[in-house]
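A.B. asks: Quick one: this structure, given as structure tokens, is what I'll be asking you about.
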Amino acid sequence: MNIFRLLGDLSHLVAIIILLLKIWKTRSCAGISGKSQILFAIVYTTRYLDLFTTYVSTYNTFMKLVFIMTSIVTIFLMNAKFKATYDHNHDTFRIEFLILPALVLALLINNEFTIIEVLWTFSIYLESVAILPQLFLVSKTGEAESITSHYLFALGSYRGLYLLNWVYRYYAEDHYDLIAIVAGLVQTILYCDFFYLYITKVLKGKKLQLPA
Amino acid sequence: YHVLAKHDEL
């Protein structure tokens, strides 16, 4: 565990807490893509199947369980409790266009052709693009509440910090995983446009509004 | 350089 990895995990955790607090406090999931949330739930459940096969550390097990459980709670809040506030009309991204290619790619390019490893690889590929329905929703409505922007910033920062962690591990531990690194790069690049708007607008107290 | 058999990250 190095500082980049720890900050990355904390950033991920903060993102999830911000999202749940936003939904709970405002009693609304307006502006949040239920499709991205479904993709994240698929990502965590397929990646953390190794909870049954491998023990890494108490920290690792705890975080995995938190990610799986909070993603399910989020889906429940969006599709049951606060369903009336869910922005169906704008959340129209076709997630099968992300799931199927991620699955095919995982079957073709993986470290080992076993069920658990292919599902792990699938989850890595799917996570790299899972935010697209959310970014699509923001671009369709043309704006995002600042709390949603903070959520996206924390969520985007997490994989960016992991990139630094992988650079560190390459030199310090002779460890690297090309699949995770390439997917992590793609994932972080997808946020770049948002990061730019966040820094130039939201941090200066303005609303995140896309140029017309 | 090697790839770890088990995934120790999240």
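One-based numbering along the chain as shown.
For all residues, glycine too, the Cβ spot is worked out from N, Cα and C.
Quick paste from TrEMBL:
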- A:62-80: transmembrane segment (TRANSMEM)
- A:92-109: transmembrane segment (TRANSMEM)
- A:115-138: transmembrane segment (TRANSMEM)
- A:178-199: transmembrane segment (TRANSMEM)
A.B. asks: Using Cβ atoms and a strict cutoff of less than 8 Å, what residues sit near the transmembrane segment (A:62-80) while being 6 or more residues removed from its termini?
C.D. replies: 9, 12-13, 16, 19-20, 23-24, 29, 32, 34, 37-38, 40-41, 44-45, 48, 51, 86
A.B. asks: At a C-beta cut-off of under 8 Å, are there same-chain residues at least 6 beyond the transmembrane segment (A:92-109) that contact it? List them, or none.
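C.D. replies: Distal contacts: 33, 35, 38-39, 42, 118-119, 121-122, 124-126, 129-130, 132-133, 136-137, 140, 179.
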